[in-house]
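> Pulled the feature table from Swiss-Prot, pasting it below:
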- 2-31: repeat 'ANK 1' (REPEAT)
- 40-70: repeat 'ANK 2' (REPEAT)
- 82-111: repeat 'ANK 3' (REPEAT)
- Ser108: phosphoserine (MOD_RES)
- 115-145: repeat 'ANK 4' (REPEAT)
- 149-178: repeat 'ANK 5' (REPEAT)
- 182-211: repeat 'ANK 6' (REPEAT)
- 214-243: repeat 'ANK 7' (REPEAT)
- 242-274: region 'Disordered' (REGION)
- 282-316: repeat 'TPR 1' (REPEAT)
- 374-407: repeat 'TPR 2' (REPEAT)
- 518-560: repeat 'ANK 8' (REPEAT)
- 564-593: repeat 'ANK 9' (REPEAT)
Amino acid sequence: MDLHTAVYNAARDGKLQLLQKLLSGRSREELEELTGEVASGGTPLLIAARYGHLDVVEYLVDRCGASVEAGGSVHFDGEIIEGAPPLWAASAAGHLDVVRSLLRRGASVNRTTRTNSTPLRAACFDGHLEVVRYLVGEHQADLEVANRHGHTCLMISCYKGHREIARYLLEQGAQVNRRSAKGNTALHDCAESGSLEILQLLLGCNARMERDGYGMTPLLAASVTGHTNIVEYLIQEQPAGDEQAQPGLARVQPQGARSSPEEPPSGESYESCCPTSREAAVEALELLGATYVDKKRDLLGALKHWRRAMELRHQGGEYLPKPEPPQLVLAYDYSREVNTTEELEALITDPDEMRMQALLIRERILGPSHPDTSYYIRYRGAVYADSGNFERCIRLWKYALDMQQNNLEPLSPMTASSFLSFAELFSYVLQDRSAKGSLGTPIGFADLMGVLCKGVREVERALQLPKEPGDSAQFTKALAIILHLLYLLEKVECTPDQEHLKHQTVYRLLKCAPRGKNGFTPLHMAVDAETTNVGRYPVGRFPSLQVVKVLLDCGADPDSRDFDNNTPLHIAAQNNCPGIMNALIEAGAHMDATNAFKKTAYELLDEKLLAKSTIQPFNYVTLQCLAARALDKNKIPYKGFIPEELEAFIELH
């Protein structure tokens, strides 16, 4: 163990005497080095503050000159928080004595992490009321500094259910109607977490019932998350804009005027909504029933809520009609929503139809752009797959994928997850078919080809974005999944017309000239073993000669270069794949092309393996190649003296 790590570990474990022994007598430069960041990104002061070692903290600051503002990486609840100052770590862990000490020594009370989280927000997150009181009351911590998502201290207190912290923040003038980047308010956070008492507290402070960026009211948010207590409370008949406090609820009086009912919403305007209208109550109960079906798996509970919704629809002789769908959906087995009490009661004998009703209701109320809509369609498909009904699963997943591609941004994590699920499912079904023969589940060319086309479309959409996605891990993963789908497609028999369609689709992909990590083309990725790892379950195995041949047949450039000037031949050599190397060479790959380190592919082959003996480089090296390498090796000037095509040829070597 080196000295730097020993200092860090001593600070982490609170071993002051050992720390003093390690650091005493050191020069200022040595102390600065030893109290700086370790390999994991943390510092001794940061880790000591995180674990509440007051004596170590004060020693490092007072005697060793450690900076109270230096940020670093620290672990909390299984996550790595980057750029966290020591005060943030102490506040998050609830170490009030360390918080006091750091502030006395000049720490900034509003210093943020990389995600713009303040020490106050950290204390609010885990419910450290005394730390919150000290930061706000003694050091005037800013209540309104939001994190990168626009989420404030009041919002996180409400979401985590810390009632006394929420009450204190409101007393100090926290803005009760502040909006996050996605338009949600503290009321939404209460509804999503089921904190009825805090929700009542917010309403007592004139919190407004408004829609977020997805069009969700707090009432609908409670329905989606299945918090019946919130739904029941909000659908009670209470006049909109009622200024009277709720029975038994002490109204909090904010010290400032920022949460007054006249406070205008900041930024984008959102529609205010009345939570107690008949239509809102009906939709909330219907959506709550859908949540009972898919999330709580309680069909009888769902029927109870749907009955109440149906009664409200017919209340007073004025029927509230449901909008007619433009067309019935194959994925939903052409189901349509029930409209009468008799149709509703008949559902009790048909659980599968109840599950389709839940999907229909969710899509109608939340709309196709809400993440829950496609999520539960995929969830229902997965349940069918688990029971062996792969055909029904594929239909639902295709419908969800279309919904995601039409409504979400390119390379959305949800869309990527759908593509990966398809690849894993197709791999499983093909293996099942291989093992069971005709008894296995059949999977057709159309199923695989349809998803491959959608995958190529996703890459095309991503490349149309203003920002270049080439360095994005998500983009690399999308390319890898497409290659896995192509790998699986090679295992399915197809007609000449289908083969032509497959080649057209691959040509579309190559025409986009997509680049993954390190500038890898699809051909580079097809010869790289790392492409195998795309998810939890195995799909295809790479390097893959079959995929390489398809890519080459469709026009992939065998001499394309990555950021290190490696050709696919170099990557194939690093993976010791002589069969693939021969295929690349036959397609015109230059055997003696060098990379940025002046290595040819042949030189990268492992000497210990037979691969090197199966490749004969001199069979593919021309006199022109040798002359080009001689020019480069001897640094003979050639630019401007020979044709441009020859200059490019020499640079290849």
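Cβ from N, Cα, C; glycine included.
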> Long-range same-chain neighbours of Ser108 (phosphoserine), Cβ under 8 Å, sequence gap at least 6?
Glu69, Pro85, Leu87
> For the repeat 'TPR 1' (282-316), would you mind checking the mean pLDDT of the predicted model?
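Reported value for the repeat 'TPR 1' (282-316) is a mean pLDDT of 96.
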> Out of 40-70, 149-178, 182-211, 374-407, which stretch has the largest tally of CB pairs under 8 angstroms to the repeat 'ANK 3' (82-111)?
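Ranking 40-70, 149-178, 182-211, 374-407 by Cβ pairs under 8 Å to the repeat 'ANK 3' (82-111) puts 40-70 first.
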> Taking helix as H, G and I and strand as E and B in DSSP, count the residues of the repeat 'ANK 9' (564-593) in helix, strand and coil.
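Output for the repeat 'ANK 9' (564-593) reads 16 helix, 0 strand, 14 coil.
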> Based on DSSP, tally up the residues of the repeat 'TPR 2' (374-407) by helix, strand and coil.
31 helix, 0 strand, 3 coil
